[in-house]
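Asks: The feature domain 'Tetrapyrrole methylase' is assigned by TrEMBL to A:1-240. The S-adenosyl-L-methionine binding site feature in TrEMBL is assigned to A:Leu9, A:Asp84, A:Gly87, A:Ser112, A:Ile113, A:Leu163, A:Val225, A:His250.
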Protein chains: 2
Amino acid sequence: MLYLVGLGLGDAKDITVRGLEVVKHCRRVYLEAYTSILTVGKEVLEEFYGRELILADRETVEQEADNMLKDADLCDVAFLVVGDPFGATTHSDLVLRAVKLGIPYRVIHNASIMNAVGCCGLQLYNFGETVSIVFWTDTWKPESFFDKIQKNKKNGMHTLCLLDIKVKEQSLDNLMKGRKVYESPRYMSVNQAAEQLLAIVQNRRLQGEELEITENTLCVGLARVGATDQKIISGTLQQMSTVELGGPLHSIIVAGSLHPLEIDMLKLFAADESSFEDNECHRNT
Amino acid sequence: MLYLVGLGLGDAKDITVRGLEVVKHCRRVYLEAYTSILTVGKEVLEEFYGRELILADRETVEQEADNMLKDADLCDVAFLVVGDPFGATTHSDLVLRAVKLGIPYRVIHNASIMNAVGCCGLQLYNFGETVSIVFWTDTWKPESFFDKIQKNKKNGMHTLCLLDIKVKEQSLDNLMKGRKVYESPRYMSVNQAAEQLLAIVQNRRLQGEELEITENTLCVGLARVGATDQKIISGTLQQMSTVELGGPLHSIIVAGSLHPLEIDMLKLFAADESSFEDNECHRNT
């Protein structure tokens, strides 16, 4: 049996009781380590589980999946994923490969950023399409996520923006020379995401576009959701460029139309309560 | 401290290790029992936790919240919610009341139907607004959820439809006479939801409306997601009216535009593979 086990979002203790049982009894246990991170590392998990974990980076999962699944028809193998195995990143590839090999599988669900963001008080019901904001480079500055956010906003929907993670990336130079030298991991902060969004707002305004999203649009910045030191701050997009949220992982929500109860919740996390005065308080229905 | 603890979706063992610790040490532990259910009842949970639970129905949470929160500034009180405390139903009211009373709170997240539906292979990214389908009566047949599903479909988005739950409801007669006699709980099945949707399709067609959703629209029926006996079937809306999924809770997804990997996953659960032949396979981008 292949078990896909969600680890939740905080630390070692956020695994479910069932998930922990699975981890303890499986022959081999892989830890997916390229789409998200916990606030603790592999060693802390190993100590808590009382067993060794095999780190599975993107290369392993994409190119050596058959090795990972070896004998999983005869013994139990677990694949641990931060959040939920079908959360922000789905692991459909691995499931499809297992099924093709005649290996049964089971998913042990957990919280993922896709549902845990509800803790800020915005109703999950009212979220539209989720977007990813990628790190811009000098020569590559995509804006497609902005159009999706504007579309959601126009429909009254909130947008969860997942922020880029660069793990085990090679510099262009090392990549071209085939050197397996990797850069330090980078995690986009709410500040960086807000700056990119503000740059797009300015560009579009110069082009004379009528904007749904401006510097004054209400947003929520979230850091380390689910961990004991999680931080949530609500305020304008402009404010998001300077809020201090601490270490990764970060996410940002661009709010759509707000229900009074949602406003009351967001005020608990306000960078500055006056941000709420000029904003619309009705829901599109 | 007030702890809001998600129980996940299956049975007692789907609580997180941290959640279990909280349940064991709190002075009072309430179990929310009106917005969702596990596959096991209160007694099984009590045995697993080794302690007594206090059942909190809608009346208790809405009218006696101050009693629930009594002394929670001095001792620890837990409020257990099936799924996640900010999943399909948010418990913002209780949080706001606690904050007002100066009581700190903490959320222990877990999987909810809002993210666990990803197990069918449809990407959570591509879901639009979530809708609730309510039980129709002879005199009340709302259709607003259908318009939201059509809007999502038009935008290429999938729609998660949460199905009505009637727990501790009074008949009109008993209500008017003030008799606290309650009907048996009712949980809408995928069959019933599909029948209501098909009735709307027929109505709208008679009215000459151009439809995004028809009898042939691809859907996914899900039952007891996260439990060991969960069941997932993909097929047309027409097929959803006759699939057999067993006991509650059920949900239905109306698929939007499909990515090839999503199609491959849905085929694992196909009521009949031919349903996939006539359907569009591209994504709106």
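Counting starts with 1 at the first residue shown.
Here the Cβ of each residue, glycine as well, is placed from N, Cα and C on the backbone.
Relative to the rest of the structure, where do these features sit?
Replies: Under the three-state DSSP scheme, A:Asp84 (S-adenosyl-L-methionine binding site) falls in the coil class. Cβ environment of A:Asp84 (S-adenosyl-L-methionine binding site): A:Gly6, A:His109, A:Asn110, A:Ala111, A:Ser112, A:Met114 lie under 8 Å away, each six or more residues apart in the same chain.
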Asks: If you count CB neighbours within 10 Å, which one among the binding-site residues A:Leu9, A:Ile113, A:Leu163, A:Val225 has the smallest count?
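Replies: Checked A:Leu9, A:Ile113, A:Leu163, A:Val225; of these binding-site residues, fewest Cβ neighbours within 10 Å: A:Leu163.
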Asks: Mean pLDDT for the domain 'Tetrapyrrole methylase' (A:1-240), as a whole number?
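Replies: On average, pLDDT over the domain 'Tetrapyrrole methylase' (A:1-240) sits at 94.
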Asks: Hey, what's the Cβ neighbour count for A:Gly87 (S-adenosyl-L-methionine binding site) at 10 Å?
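Replies: If we count other Cβ atoms within 10 Å of A:Gly87 (S-adenosyl-L-methionine binding site), we arrive at 30.
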Asks: For A:Ser112 (S-adenosyl-L-methionine binding site), what is the secondary structure by DSSP, using just helix, strand and coil?
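Replies: DSSP call for A:Ser112 (S-adenosyl-L-methionine binding site): coil, neither helix nor strand.
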Asks: Rank the binding-site residues A:Ser112, A:His250 by how many other Cβ atoms lie within 10 Å of each Cβ and give me the one with the fewest.
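Replies: The binding-site residues A:Ser112, A:His250 were compared, and A:His250 has the fewest Cβ atoms within 10 Å.
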Asks: Chain B sits near which of the binding-site residues A:Asp84, A:Ile113, A:Leu163, A:His250, counting only a Cβ gap under 8 Å?
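Replies: Out of A:Asp84, A:Ile113, A:Leu163, A:His250, A:Asp84 lie under 8 Å of chain B.
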